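Noted in TrEMBL for the protein shown:
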BINDING   Y36, Y162, Q166, D169, Q184  L-tyrosine binding site
MOTIF     234-238  motif ''KMSKS' region'
BINDING   K237  ATP binding site
Amino acid sequence: MDVEEKIKLITRNTEEVVTVEELRDLLIRGEKLEGYLGYEPSGLFHIGWMVWAYKAKDLVEAGVNLRLLEATWHAWVNDKFNGNMQVIKDDAKYIRHSLKAIGIPVEKIKFIDAEDLVSDKDYWALLLKVAKNTTLARAKRTLTIMGRKEEEAELDSSKIIYPFMQATDIYYMGLNIALGGIDQRKVHMLVRELAEKVGAKKIVAIHTPLLTGLQGSGRAGGGSSKDEIMSEVKMSKSKPESTIIIHDSPEDIREKIMNAYCPKQVVEFNPIIEINKYLLFSQDNFSLYVERPSEYGGPIEIYSYDELERMYLKGEIHPLDLKKATADALIKKLEPARKYFEDNKEAKELALKIASELKIEINL
Ligand SMILES: Nc1ncnc2c1ncn2[C@@H]1O[C@H](COP(=O)(O)OP(=O)(O)OP(=O)(O)O)[C@@H](O)[C@H]1O
Ligand SMILES: N[C@@H](Cc1ccc(O)cc1)C(=O)O
């Protein structure tokens, strides 16, 4: 793959890359691309996560040396599983299985437990350096990266340390690429700004779009920037009613999709449109078969997202027909993952354990 082909693969289906010029520069200079993405192991794998997982796969294919950071300590600070570290660690194992189940080449990725970073005193020395160079106001504004509002650090000041930890993760591992959903933007910008001061490389930040929760944008509150608005309305493991998880049965998926927000001729914050854009058409060789009634033009096969969007905006595809077609396509897409969890004993036991911790019923 030449430089431009790599750039195309790395930047496709992203919300933004800060900056493409810097990425090109790294590639032209032949620097090894050292990348990562972190997640809190604190729930069942929902389809929103497939957006970054597919991007992780692209990065691996483009030759990035990719790590996935199991942010166990961060999840603990963020009160996940009531601070039960054993369950957080089991969830991390479960997520590895989930990634494999959806077809991510896990054997080419290095998984790192945050425990391995925080057990080195140099990590904390670096963290203090980051904190020394950041105002409290800035740190508070960055709390959206952990799904929290500024006020939430008032009662529990460990939360204010979280953004410093996330920044330190990046410096400590000596990375030049950080991947995350657009809700992680604020910390990546901080990391870029402070790089010189802490003597680290300046990262290229790659941000993937966030899939809106099934209820649409009804929850959007006072956020002003795109990352703030999206972090409120995104599909999230903390809001099970808004999510489709990879273990949902075909019947569950159909029912959830049929009940989802999908306004006629509107594509913004429309989760059904976004499932098509970010999960289905984003992958090679996909086409959507829509069974339209004959008075609306009859059945049609759609070959690109742009074509779908154009027709939907014009009212040529009715939400109901789109929902049915999307449910069928998503059920098909998740079939291998269902099968993986049915067949793999360890994966199944872990999934059931996590589900029972969360008091969520799954049928495997
Ligand atoms: N709905 C979504 N669509 C796409 N990416 C998402 C979505 N939700 C989270 N992500 C991305 O997944 C990664 C891990 O996020 P995180 O652990 O916060 O997941 P979450 O489901 O939002 O959970 P929580 O509710 O605990 O915040 C981040 O890079 C984040 O941007
Ligand atoms: N803040 C991320 C998780 C994360 C934690 C540590 C990191 O270094 C990176 C990512 C989230 O909640 O989505």
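Backbone N, Cα and C define each Cβ position, glycine as well.
Where TrEMBL records a feature, it is marked here on the structure.
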{"residue": "Y36", "record": "L-tyrosine binding site", "DSSP class": "strand"}
{"residue": "Y162", "record": "L-tyrosine binding site", "DSSP class": "helix"}
{"residue": "D169", "record": "L-tyrosine binding site", "DSSP class": "helix"}
{"residue": "Q184", "record": "L-tyrosine binding site", "DSSP class": "helix"}
{"residue": "K237", "record": "ATP binding site", "DSSP class": "coil"}
Next item on the list: Report the binding-site residues (Y36, Y162, Q166, D169) that meet this criterion: Cβ distance to the nearest atom of ligand 2 under 6 Å. Use sequence order and write none if nothing qualifies.
Entry: Q166, D169
Next item on the list: Measure from the CA atom of the residue listed as 'ATP binding site' to the CA atom of Y36 (L-tyrosine binding site) and give the result in Å, rounded to a whole number.
Entry: 21
Next item on the list: Tell me the Cβ neighbour count for Y36 (L-tyrosine binding site), meaning other Cβ atoms within 10 Å of its Cβ, over all protein chains shown.
Entry: 24
Next item on the list: Quick one: of the binding-site residues Y162, Q166, D169, Q184, K237, flag those whose CB is under 6 Å from ligand 1, and say none if nothing qualifies.
Entry: Q184, K237
Note to self: Just to verify a number: CA distance, D169 (L-tyrosine binding site) to K237 (ATP binding site), in angstrom, no decimals.
What the structure shows: 23
Checklist line | CB within-chain contacts under 8 A for Q166 (L-tyrosine binding site), separation at least 6 | finding: G38, A71, H74, I145, V187
Check: Roughly how many angstrom lie between the C-alpha atoms of the residue listed as 'ATP binding site' and Q184 (L-tyrosine binding site)?
Finding: 16
